[in-house]
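Below: one structure, written as structure tokens.
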Amino acid sequence: MGRPLFYDIIEKPATSCIVTLCSVIWFVIQKKSIGYSQVGLSYETAIEGHYWRMITSALSHISVLHLVFNMSALWSLGVVEQLGHVGLGTAYYLHYTLVLVVFSGVLVIGIYHLLIARFKIDYFRRVTAVGYSCVVFGWMTILSVKQPSSKLNLFGLLSLPISFAPFESLIFTSIIVPQASFLGHLSGILVGYAISWGLIGGMNNYWALTMLGWIVVVFVFSLKKSGAYDFSFLEIESLTDASLPSVRFIGNGRTLQASAVPLSGVEVV
């Protein structure tokens, strides 16, 4: 008999929570027939101030195959949580997962901007990205630098040397998921290398909590401003300096605006 799953869950608590969260979100999206245009990230929605999509797009998946591939790879990469003795571990995993979600999202929008503004490729203006692959590819890259002898197991059947996994998985994903976003995956790889080489570093509990706090604030206020969710207990008033919002609590409304109409140009990441 193999090792009971229970022990892996105990040793990979953060990974287990993320896999569960992404799976539940996928189920809700399917059950509620929520359109991916409502949760995905695109250049147009980013410049309109829908910053909350940077989080929802990362946690949402377009198909069960996409979900299974990402979660299978993520589960294997959860070995990072078991490597506290070499400077990794659960805290490191949580700290830099935050970094990967935010920085890879910002980077992919930056690349879209360059392609649109400099090279006049308007196709990328409306491409909508969804999926956790940016983070998955980022962790593949980090592990390939810090633990090059490790293996990446996919679906419990395929085992890849971690040193080549980011690029092998890039090819494999393109084959099984034709809509896979090359730029989204590349963004995760680049941020992963930046973390591995110390270009992005210094994360500790204080900075992680500070970053998480700002993520929550930006998420809530951008969600309110975009009108995607009716936080009627929050009201943003205009001041002389419009960059400094005033907040009032005036009621309690919870109205989710969701559409089942899909958006053309969806890319999975």
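The backbone N, Cα and C atoms fix where each Cβ goes, and this holds for glycine too.
Small disclaimer: the values here were computed from a predicted structure and weren't measured.
Listed in Swiss-Prot:
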type	residues	note
TRANSMEM	9-29	transmembrane segment
TRANSMEM	60-80	transmembrane segment
TRANSMEM	97-117	transmembrane segment
TRANSMEM	127-147	transmembrane segment
ACT_SITE	S133	active site, nucleophile
TRANSMEM	157-177	transmembrane segment
TRANSMEM	182-202	transmembrane segment
ACT_SITE	H185	active site, charge relay system
TRANSMEM	203-223	transmembrane segment
Are there three or more C-beta pairs under 8 angstroms joining the transmembrane segment (127-147) and the transmembrane segment (97-117), sequence spacing 6 or more? yes
Relative to the transmembrane segment (157-177), the stretch among 9-29, 60-80, 127-147, 203-223 with the most Cβ pairs under 8 Å is 127-147
Rounded to a whole number, how many Å is the Cα of H185 (active site, charge relay system) away from the Cα of S133 (active site, nucleophile)? 6
Other same-chain positions with a Cβ less than 8 Å from the transmembrane segment (182-202) and lying at least 6 residues past its termini are 96, 99-100, 103-105, 107-108, 111-112, 129, 131, 133-142, 145-146, 166, 170, 173-174, 267-269
What does DSSP assign the residue listed as 'active site, nucleophile', in three states? helix
